[in-house]
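The structure appears right after this line, and notes come after that.
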Ligand SMILES: [Zn+2]
């Protein structure tokens, strides 16, 4: 295939736009915000698990408090009943003594339950503070996620703008090539490589591989309008 050296040179403009497109695509795939969002999602899961654990502790303590309150009310009822019997004055001395023993033991039991309840109440206070702290940490991570998402969306919008600009540039440049030359170029792009590279210092500008002397001699001997391809990457090799 032949093409004017000037036309071949312009392929480098097209290749520059395509290289920019590739850079943008790579940037889109490797946004640091996406990595950060993955990390934050994991952190959020852990924080939520932690908050659920703290909630369970609090629920258990609430259950303990209720159990203590119920027991305390049972002891008080028994106490009232016994006190009434005692005041009735109709019981024989032996039973009155037994009743007094029971009242003494109820009083001891009551005092133990009250102490225990106080202790659990204190634990509950601490557990509630823990839960509040855990909840605040969940909110903090959630707001971090919202912030990073905002940055990510801004970066994506920038990339989209740049991609649209590249597409416009590309359309303008690509329209000016002979169909056959453009088809050869595009076939290399479709294969995932660069369509064209400049020959510079014995190296292909597309794959950056140094060509051997035999190849260089063959290239130098070729007419200027001959379209050559890199023996390594098949990109159109443009001579300056
Ligand atoms: Zn090459």
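One is the number of the first residue shown, and numbering goes on along the chain from there.
Here the Cβ of each residue, glycine as well, is placed from N, Cα and C on the backbone.
When pLDDT is averaged over the domain 'CT398-like coiled coil hairpin' (14-191), the result is 96. Summarising the annotation, TrEMBL assigns domain 'CT398-like coiled coil hairpin' to 14-191.
Per TrEMBL, the feature coiled coil maps to 58-116.
Feature annotation from TrEMBL assigns domain 'C4-type zinc ribbon' to 203-237. Only residues 6 or more beyond the boundaries of the domain 'C4-type zinc ribbon' (203-237), in the same chain, are considered here, and those with a CB under 8 A from a CB of the stretch are 1-5, 8, 11-12, 15, 181, 184-185, 188, 191, 193-197.
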Per DSSP, how many helix, strand and coil residues does the domain 'C4-type zinc ribbon' (203-237) have? 9 helix, 8 strand, 18 coil
